[in-house]
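> Structure provided below as structure tokens; questions to follow.
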Amino acid sequence: MNQEVMNLFNPQVPAQHFDSIRISIASPEKILSWSYGEIKKPETINYRTFKPERDGLFCARIFGPIKDYECLCGKYKRMKYKGIICEKCGVEVTLSRVRRERMGHIELAAPVAHIWFLKSLPSRISTLLDMTLKDVERVLYFENYIVTEPGLTSLKQNQLLSEEEYMIAVDEFGEDQFTAMIGAEAIYEMLASMNLEKIAGDLRAELAETTSDLKQKKFMKRLKIVENFMESGNRPEWMIMKVVPVIPPDLRPLVPLDGGRFATSDLNDLYRRVINRNNRLKRLIELRAPGIIIRNEKRMLQESVDALFDNGRRGRVITGANKRPLKSLSDMLKGKQGRFRQNLLGKRVDYSGRSVIVTGPELKLHQCGLPKKMALELFKPFIYARLDAKGYSSTVKQAKKLVEKEKPEVWDILDEVIREHPVLLNRAPTLHRLGIQAFEPMLVEGKAIQLHPLVCTAFNADFDGDQMAVHVPLSLEAQLEARVLMMSTNNILHPANGHPIIVPSQDMVLGLYYLSIMNQNEPGEGMAFSDIGELHHALENKVVTLHAKIRGRFKTVDADGKPVSKIHETTPGRMLIGELLPKNVNVPFDTCNQEMTKKNISKMIDTVYRHCGQKDTVIFCDRIMQLGFSHACRAGISFGKDDMVIPDSKVKIVGDTEALVKEYEQQYNDGLITQGEKYNKVVDAWGKATEKVAEEMMARIKAVEFDPETGRQKPMNSIYMMSHSGARGSPNQMRQLGGMRGLMAKPSGEIIETPIISNFKEGLTVNEYFNSTHGARKGLADTALKTANSGYLTRRLVDVAQDCIVNSVDCGTDKGLTMTAIVDAGQIVASIGARILGRTALDDIDNPVTGENIVKAGTLIDEADVAIIEKAGIQSVRIRSALTCEVQIGVCGVCYGRDLARGTPVNMGEAVGVIAAQSIGEPGTQLTMRTFHLGGTANVVDQSFLEASYEGTIQIKNRNILRNSEGVLIAMGRNMSVTILDERGVERSSQRVAYGSKIFVDDGDKVKRGQRLAEWDPYTRPMMTEVEGTVHFEDLVDGLSVLEATDESTGITKRQVIDWRSTPRGSDLKPAIIIKDASGAVAKLSRGGEARFHLSVDAILSVEPGSKVSQGDVLARSPLESAKTKDITGGLPRVAELFEARRPKDHAIIAEIDGTIRLGRDYKNKRRVMIEPAEDGVEPVEYLIPKGKPFHLQEGDYIEKGEYILDGNPAPHDILAIKGVEALASYLVNEIQEVYRLQGVVINDKHIEVIVRQMLQKVEITDAGDSQYIVGDNVDRIEMEDMNDRLIEEGKKPAYGEPVLLGITKASLQTPSFISAASFQETTKVLTEAAIAGKTDTLQGLKENVIVGRLIPAGTGGTMTQIRRIATSRDDLILEERRKGTGAGSANQMLQDMTDQVPAAE
């Protein structure tokens, strides 16, 4: 690799155009071929003359001259002696920059092992030799001898001998009967004598025979390394070095400081160490020193070479004079400060400046204000050129003088230069691509950059002291791209969700909202206006106010573009907004004839963009901004203490709640409820009280009041206006100002039982203030951590998806995903329309009633189609998705669908992976960090009942219902669901019903929307009996498995099951409740099996032994408070957990087959659950379940594939294995979306799908067929498909594999490109693996290309590459033809053929 990278920077060797980079282990011959000479002395430079010492680390003879074209002794100077080697000092006369590329070497007196191959786990040397790492180290570091050739003695091959044992063996067998060696020589001999082909054959044979999993893994690891060596042409003994390369001196400089001291690179220290020890070792060997001394010196040499390559990897870190660890070669590459991330992936640029930003409301959307001083500095070269061209100056020096004096002509020229020359503005942190946009600069006085207010959302900028950087695109192409792609007017929509991002905010919203308010009894109410001019006239003369109800004629155009007018009931304010709307039949006056909240403004801009195009939208946005600002100013909305309204009923609500809480305390004291239940109920009660106070407050604020004297409607409350319009503040904040602050959380996340009753207007008491500081400080600490975590998540996402580019128009697959609306607790949270908008239909979509076609297969679904689909009541639509796209590299345009930032089908070469990563990572800072500890609040309230979300007929699936003694229907099934069908029999909604719920409807009942279907106790999970009889206890031994707990404060006893396995005596117990029938035998259940109900830990018994029970009665209840207080990972950690595909802590166990539950013999603390398969020929599956977990299945229950045997969060790997890719995709998409939805962030599903596609690129071989693979190998899906195509062609058996889900970090490290992986994480490990396998990087992703300094293969770069490739192949063809002399005819024909291949999309 080095030679090729050297060529990149070497002016004398023209940089060859290369298509790929290969990395492999350097053989000693290769190292010598790079080298220009051996370094024999540890000296660097002579401290008096400052000239480099000969044969030292900076030797000019080896590395080249210090000054350009001048030898060291000064005999030859200047260009004319170029290439001559001075006979006196031996230095070649050439450029001094060769000191950046010429390498040297050190001949080692004894071989040493390369630490990367030794210590980078798994250790390659030890795996290859089939020894443990510890043993290899003992040999290498001279602790043990190893037998390399046992001869006829009783010693074994590779046996380790200590010094004593070796001596004894020599005495016993004689020195020439066997060979035992020590140190790197021994390992070198062993590696050199390996026959790789034979080893590979043996390993394959053993693999086929062995049955043990462990051995298989071990053999596979070894086989992989052996095959890597065979395929790459590397030799194993190259992992032991006899020659150490020395990097060029200018890459490890020695800089003189003032005061005669030197600053040096750490590498020089490390090299000096190696050279010193090497020279000492040579001398010792010449002097024939005793073996022990030589061995010690060899060990030290090994250690010093280790430190040079990777300091601190083994043994102590070598430190410099100031006790700071020395930076080794590995450290130069690693981490944020390493070569990859510091210098190759991001470089500093020239022609840039930064300054504070201020608002520029008089700018147009595509402009920014650039301070004159800054512009003068940034555009200097252009100004010099102009001055020269216009004849103001004849030399650069003169031009410089003119500019420095700031002559008037300079300013005129600056104006010319700047005109139509866009500049890029960037605000750090650049979280998504809208963080850098292009503007046309306008020169402004002062020193601050002026920014257009509408682009603030995209930059996430405000004017409280933010700074921004300006960059000047220099080349014509760069200017073109800036104008066409990055101009702020071309970025109206948000790439994450396709909503407009150029939306007025804050003051503008407030002004527009104020304009659009409609009040009653205003002066001029009921007037009619014929046109807008008349209206302006009336407003100027105060005949009518902005908020009066009037009738006005609004002029617009019809479908043919002819002017039409229509009379609307509206207000003058709304007419003013309507005046700005572009005239279009699809943008009627109704779009603005409503209260202009931020949401409605966004919808209005969206409508204008979809129907009138970009130019009109930009003009409209600019005008609407002006209008908003001017009316916000005129409205004079202020914020006073009296605007915070405290509801009169607050005192009563608080009093009632306090009484309720007292009652709960009493119930607890009477022993009716447990401590946990009391806490939950109290927290609930206060939560409800806070809501109620807030509702009352909102009602007071919203109330319409009239002035008794004038009869006019009183002006609206200003705080309410700000919050309701979406300008600033939320109902939650209003609640804290005027209602009550409510419950607070401790830093641990638990909720404190005593709420804060005061609000900020009344002021908090000392205790309340103290209680509220907890949560507030936690919030600040979280924010600081969040930024770093969110940034790291974005980095991993970008890294995994960076090579996902739109590479072809259509892959023609017939696979896709099924999209349905997402319903949560009966509410539709994401409609089907929103989910399929901008995606490609996989099948024809027909109206289910009329059967007419709505959308043809393979067409993009747009807004109009969505409206028809939703109206037709279609429940599910199959669409194309990036997940199922079958393009080999990247994705195809049809599967991806619409480019959200443009609203058109996606372009070829769009880097959709990076866009996806940014869209998911950018809102990361808005997500919460905390894991929620659920102390009962809202959760419980949500989940205690089911309501019908539609009208229709009930259908109960898997019906299993009993009537209990009170005559109520009880759900006894584990997997029952209540479905609502509409009048056409189409399923509208389906909801699971929890076991033990009371059900209020039955099959065939008609229900209205909002009717209650079922309810259950949210605090406990019941265990119910299906048979009647008498209760008997089994293995419920006092003090061992059941505890009669007497609550100290109440004196009431209750019986609770305790963990019986904690004592040796209780280990064989199986606590259960048995129901016996009249004859005294154990009653039989309807599905076979006995009525024996096993109890889980913490169950509270509800019956006494001997009592009678009937069907549907509760025997025991398990409190769910244990489940309620468990952490739910939310926010950022949850998103990271899903993308990293980690197994959740208490993960669910999912049934792999359909079948019947059978309980096997229990182990000590695990319970055996078997599923007896429903179909023949399938093996039964066994699961082990920890005994303390609430397990609610009984013997004989029927269970379907994919159902939960044990509740919890499922592990994504299980979903993939059991239910397949589509189920996994929908699970991941929904779970990730849920987290973002809670924060109100909208992200399109396709972004998450692109990332999940990247996580699913590998397959695990289940059947190798006739391929090279081994069962259990992880290989690239594409690679396997290619291999299979070849095998099938040859008539052999193809290989089969199961898809494997990798977390994003793992997927990034396993990309085909080693350059990309190395620059991500674990640099040494990645490079070690790549070198052994002799990997080739074909430079397909974005990152690799940036690192080698090319245009990325996306966007314009991709097109250029493609054109260049076609051009080169044409040239080759023509040359070929010329060589053959076949004339031009056939060449032209071939060219024609090739022209047809160029994709049309370019």
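Every residue, even glycine, has its Cβ placed from backbone N, Cα and C.
Dumping what Swiss-Prot says about this protein:
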BINDING   Asp462, Asp464, Asp466  Mg(2+) binding site
BINDING   Cys811, Cys885, Cys892, Cys895  Zn(2+) 2 binding site
COMPBIAS  1385-1395  compositional bias 'Polar residues'
REGION    1379-1402  region 'Disordered'
> When DSSP is mapped onto helix/strand/coil, what comes out for Cys895 (Zn(2+) 2 binding site)?
helix
> Let me know the most crowded of the binding-site residues, choosing from Asp462, Asp464, Asp466 and counting other Cβ atoms within 10 Å.
Asp466
> Select one residue from Cys885, Cys892: among these binding-site residues, choose the one with the most other Cβ atoms within 10 Å of its Cβ.
Cys885
> Roughly how many angstrom lie between the C-alpha atoms of Cys895 (Zn(2+) 2 binding site) and Asp462 (Mg(2+) binding site)?
38
> Between Cys811 (Zn(2+) 2 binding site) and Asp464 (Mg(2+) binding site), how many Å separate their Cα atoms?
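About 50 Å separate the Cα atoms of these two residues.
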> Which residue, of the binding-site residues Cys811, Cys895, has its CB surrounded by the fewest other CB atoms within 10 A?
Cys811
> Which whole-number value in Å describes the distance between the Cα atoms of Asp466 (Mg(2+) binding site) and Cys892 (Zn(2+) 2 binding site)?
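Distance between the two Cα atoms comes out at 40 Å.
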> How many Å lie between the Cα of Cys885 (Zn(2+) 2 binding site) and the Cα of Asp464 (Mg(2+) binding site)?
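The separation of the Cα atoms works out to 46 Å.
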> Between Asp462 (Mg(2+) binding site) and Cys892 (Zn(2+) 2 binding site), how far is it from one CA atom to the other, in Å?
39
> Give me the Cα-Cα distance between Asp464 (Mg(2+) binding site) and Cys892 (Zn(2+) 2 binding site), rounded to a whole Å.
44
> Taking the mean position of the Cβ atoms of Asp462, Asp464, Asp466 as the Mg(2+) site, which residues outside that list, in the same chain, have a Cβ no more than 8 Å away, listed in sequence order?
Ile357, Ala461, Phe463, Gly465
> Excluding Cys811, Cys885, Cys892, Cys895, please set out which residues of the same chain place their CB within 8 Å of the center of the CB atoms of the Zn(2+) 2 site, keeping sequence order.
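The surrounding set, listed in chain order, is Ser808, Asp810, Thr813, Arg880, Ala882, Thr884, Glu886, Val887, Val891, Gly893, Val894, Tyr896.
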